[in-house]
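Contents: one structure, followed by commentary.
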């Protein structure tokens, strides 16, 4: 055996450091099981613990980019009120995020194959319940759980068979027809000579529609307080074959307007809430009360529906709409205006045809009065549906605005019509 080779202290130190380093290093092909290196006392980067695949990274990036783009476009269109085209998805998004409600009450077609008369059978249950018609929590009257009540649609010659059951204390009776008493009143004050409906009981109304009558009518409770509470609705007797102004109506809608005093604001010392000035206006049972005006001592809660959450209407450019306006209130006169387009007045008070007149504002509709107008949009930009409530002196005591959203391609060079008001009392009836 040969003599051992002497090593210098420097070589011994170098060999020791090399062995120490080799002993702490992981074997080839083996990964550390921990994100913490005990030898170096350093925390390893998270990318060394778990690193997503390139495909996952690409999908995540695209999803984030698409979401950011969609919401950016939605915000820009909403803020700029662009109306050259409005996606239904954006309206749904607005309703989901801001709680905006639609005011559109579209009538179904009443065209009956083969024609002929029919019996329109209806069953109603009238009750009370807590609702937020204008954002203010109040007790209201409901017909089949709805406010306002269901719209009755019939054709000339039909018989309306209505079974009404009351689920609250007190007496209930319904009346049908317009304001002006006349022997030609097609509803003949049905029900006024019969016993009213009491709690838990049922009453049957039968109304024979004359074969030569069409138009817009209103039903309501005989009691003003119950009408003010929500027992009201529209009756539409349509003429399917009618062509108005040599044009075709693409869609018909009912717009029920009523002055509204929430029960939460009514004084317990007053026998009737219908005599109080209204606090807001309802359009088809929905409104937008300003919660900042709520009295400090009011024992109720209020959910604001101002701004983006305000109830709205939607229309399509290029279509012709027939709006059947009904003042379903109890005390106040109501005027309506749409600044961005003309309304052509064609009928009023239950089918009384009048000489057509165009206006951006019509009124005053007294309680129970009806008026039918035609509208269409040719000018660009969204609009507003403005409802003004007037007192007996003719002074406007309350005015509320509801957004109108117009979809489709419009003539953006067209100018809105000049303001023009039409007084319903000055309209000329047609024989």
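Each residue's number is its place along the chain shown, starting with 1.
Every residue, even glycine, has its Cβ placed from backbone N, Cα and C.
Listed in TrEMBL for this protein:
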type     : residues : note
COMPBIAS : 22-32    : compositional bias 'Basic and acidic residues'
DOMAIN   : 128-241  : domain 'Plastocyanin-like'
DOMAIN   : 252-390  : domain 'Plastocyanin-like'
REGION   : 1-32     : region 'Disordered'
TRANSMEM : 59-77    : transmembrane segment
Helix-strand-coil residue split for the domain 'Plastocyanin-like' (128-241), DSSP-based: 6 helix, 49 strand, 59 coil
Model confidence over the domain 'Plastocyanin-like' (128-241) (mean pLDDT, whole number): 79
Residues in the domain 'Plastocyanin-like' (252-390) grouped by DSSP into helix, strand and remaining coil: 9 helix, 66 strand, 64 coil
